[in-house]
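Chemist: Okay, handing you the structure first.
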Amino acid sequence: MDPMIERLQSLIDSAKSICVFTGAGISTESGIPDFRSQNGLYRQNLTFVDVVSRSFFERRPKEFWPLFKEIFHIKMLHEYKPNRGHQFIAALQSGGKDIRVITQNIDGLHQDAGNVHVYEIHGSIKKGHCPKCKTIYDLAYLNEKDIPRCSHILENGRLCALILKPNVVLFGDSIYQFEEAVEAALNCDLFIVLGSSLEVTPVNQIPVIVYQNRKVPMVMINRDETRYDSLFDLRIYDSIGEVVSKIQTKSVR
Ligand code: NAD
């Protein structure tokens, strides 16, 4: 067996609780493009970062929604299914390990695979809410119209009708559940990063915080190098699906 796979297997076998930190790279094998592959959206002189930002949403919400839906393939979202990477993490959980997933992804595929403890740091694309009355709407509702509006009837009997905001952390928004995620990361026996360039702040500080506490082995599985690679005890530069298909997911010893 490849010595790196053997080492990964041994680290997984010895761990009772594993914190898995995932990025867009875990979902590429489900057909969802990652961030770096998109190379920016040049449309009306806008870039990806311009569109997926709080200020753009607040200034031009009618233009925001069609572009946002196109960037994140919202109409096709129900067609994306968990792949070998997501299934592997879910299998570790059903094999008896305590699994915490910290994900930067907004696609909901970890929950679809069956993982229970998932910290969606950047929110979920499958929900939206009214910025005024806070009513929550599901994906089917968001997809009904090009520009989704709130259908809640206010106390004065009038339709709220405000343009909804996706439950996604836009550039300029605060992230969700950061403290809970850090706590999960600091309370595991093994910390694994799967498919992230670790370029996005402040979530890329979570591996740094784990490293500084230095209590647990750290593993990275990613196709490309990142600037934080030296933090990790084991680095495997390969496709996540290929690597995890060689690992046994057994019960806690
Ligand atoms: P990123 O695009 O910056 O980096 C992805 C990394 O994954 C790259 O380093 C690449 O080498 C690696 N990778 C891609 N496919 C892989 C595979 N099959 N096996 C192993 N490695 C693979 O992603 P990021 O670090 O998550 O940052 C992107 C930001 O964009 C995040 O904030 C995320 O919220 C958002 N985003 C989310 C989705 C999603 O929900 N699926 C998709 C695109 C972007």
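The backbone N, Cα and C atoms fix where each Cβ goes, and this holds for glycine too.
Where the annotation comes from TrEMBL, it is an automatic prediction and has not been curated.
The structure displayed is predicted, hence computed values, not measured ones.
According to TrEMBL, the protein carries these features:
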type     : residues               : note
DOMAIN   : 1-253                  : domain 'Deacetylase sirtuin-type'
ACT_SITE : H122                   : active site, proton acceptor
BINDING  : C130, C133, C150, C160 : Zn(2+) binding site
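Burial and contacts for the listed features, if you can.
Modeler: If you take the C-beta of H122 (active site, proton acceptor) and look for same-chain residues 6 or more apart in sequence within under 8 angstroms, you find T103, Q104, N105, I106, V168, V169, I175, Y176, V203.
In the three-state DSSP classification, C133 (Zn(2+) binding site) falls within coil.
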Chemist: Among all the protein chains here, how many other CB atoms are within 10 A of the CB of C133 (Zn(2+) binding site)?
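Modeler: The answer is 13.
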Chemist: Going through the recorded positions H122, C130, C133, C150, C160 in sequence order, which have a CB under 6 Å from an atom of ligand 1?
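Modeler: By the Cβ criterion, which requires under 6 Å to ligand 1, the hits are H122.
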Chemist: Ten-angstrom check, please: count other Cβ atoms within 10 Å of the Cβ of C130 (Zn(2+) binding site), all chains counted.
Modeler: 20
Chemist: If you draw a 10 Å sphere on the Cβ of C160 (Zn(2+) binding site), how many other Cβ atoms land inside?
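Modeler: So the Cβ neighbour count for C160 (Zn(2+) binding site) comes to 15.
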